[in-house]
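Features as listed in TrEMBL:
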BINDING   73-78, 107-111, 131-132, 144, 153  NAD(+) binding site
BINDING   186, 249, 266  Zn(2+) binding site
DOMAIN    72-181  domain '3-dehydroquinate synthase N-terminal'
DOMAIN    183-325  domain '3-dehydroquinate synthase C-terminal'
Ligand SMILES: NC(=O)c1ccc[n+]([C@@H]2O[C@H](COP(=O)([O-])OP(=O)(O)OC[C@H]3O[C@@H](n4cnc5c(N)ncnc54)[C@H](O)[C@@H]3O)[C@@H](O)[C@H]2O)c1
Ligand SMILES: O=C(O)C(=O)C[C@@H](O)[C@H](O)[C@H](O)COP(=O)(O)O
Ligand SMILES: [Zn+2]
């Protein structure tokens, strides 16, 4: 069973990856918290709870069942209002500084629960049990937590590392195919930015991966987590290297905001942004065309990316709210080969508009 250590200046924890982990959680969590009597609070969505509560609760003794807080599904619910109401529930249920929150869900639940843990009583512990592929390969690791504002994605939040991450590949069995694909697109990102081996694997094995073969998924998850653990270990608070994890996000996040978080899944918006960034690299002559073709084809192999409605100029304007910006300068992560990217600050508005239009055209041509 792969165990990947994450070591940052503020925390050391393990990401455990395997099959059949869910029914063994109670023992594992007690080991982490140091006491079987720690009060546990699970934050999850009604859909996930309905599907997985029996397996999740199986290992907890009758008198030590976690308190369950349900939060509605979807990116449009990753909002401050939800945080306030969940905090009230924690207080009503007498959560204290020794209590531990468990995020049982995708990235939305993980980001919200991590944020609750970061601010409730000025900070308590939390554990990630990611249930989407996207959360398993990316959002459950690294301690970025928070919510969206109308002006942009994740504009409020905190860095707060989990106590541990338990990834059960079996839980992906019930994940809708579009969610699986969107998660796989964030894994292609991991390959493009720093893991050419993962990229090649995803390029050649897309059939098995898309079928949901657990062995193939475990490989993808393990490689993606390894890459992320290494990056956040070097740069926990995104002062430099960690920005590479934002490949595809400058325009991707802008599209999510422009479409009010309702038309595309996060992974789909990022897939779109990765293609646009790849086209900028080609136009600049910093990425060989052959590599660009491989990147675009592999991103789209895990597609399609649904059509969305938003004015191109508005998308470009919204990149102005990106957290990577400094002194008004937009930052882009541009591929220079498969497995290597550069962080640049001089992409012009004209380049952004052109790449956005080119990407829209390409999508039309591919019927994506
Ligand atoms: N913190 C980070 O580092 C980080 C990294 C990447 C993405 N994110 C954030 O993650 C979010 C996207 O996360 P996501 O793609 O997991 O989406 P999500 O959390 O919205 O989950 C997707 C949907 O799948 C359902 N679902 C989850 N697990 C299921 C299962 N096993 N079976 C059936 N249904 C299931 C959920 O109820 C939900 O409807 C975005 O808000 C993004 O900004 C954060
Ligand atoms: O962990 C990171 O760092 C990332 O950038 C991972 C991204 O995939 C993720 O979408 C993250 O939530 C983006 O964070 P933001 O700080 O750019 O809002
Ligand atoms: Zn992302």
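Glycine too: its Cβ is placed from the backbone N, Cα and C atoms.
Using DSSP to sort the residues of the domain '3-dehydroquinate synthase N-terminal' (72-181) gives these counts of helix, strand and coil: 50 helix, 31 strand, 29 coil. Proximity to ligand 2 at the level of Cβ atoms, with a cut-off under 6 angstroms, picks out 153, 249 from the binding-site residues 109, 153, 249. The Cβ of residue 153 (NAD(+) binding site) has 25 other Cβ atoms within 10 Å, all protein chains considered.
Secondary structure of the domain '3-dehydroquinate synthase C-terminal' (183-325), assigned with DSSP and counted as helix (H, G, I), strand (E, B) and coil, comes to 106 helix, 0 strand, 37 coil.
Nearest Cα neighbour of residue 107 (NAD(+) binding site) among the listed binding-site residues (186, 249, 266): 266. Counting in whole angstrom, residue 266 (Zn(2+) binding site) lies 8 from residue 75 (NAD(+) binding site) by their C-alpha atoms. Selection of the binding-site residues 107, 132, 249 by a Cβ distance under 6 Å from ligand 1 yields, in sequence order, 107, 132.
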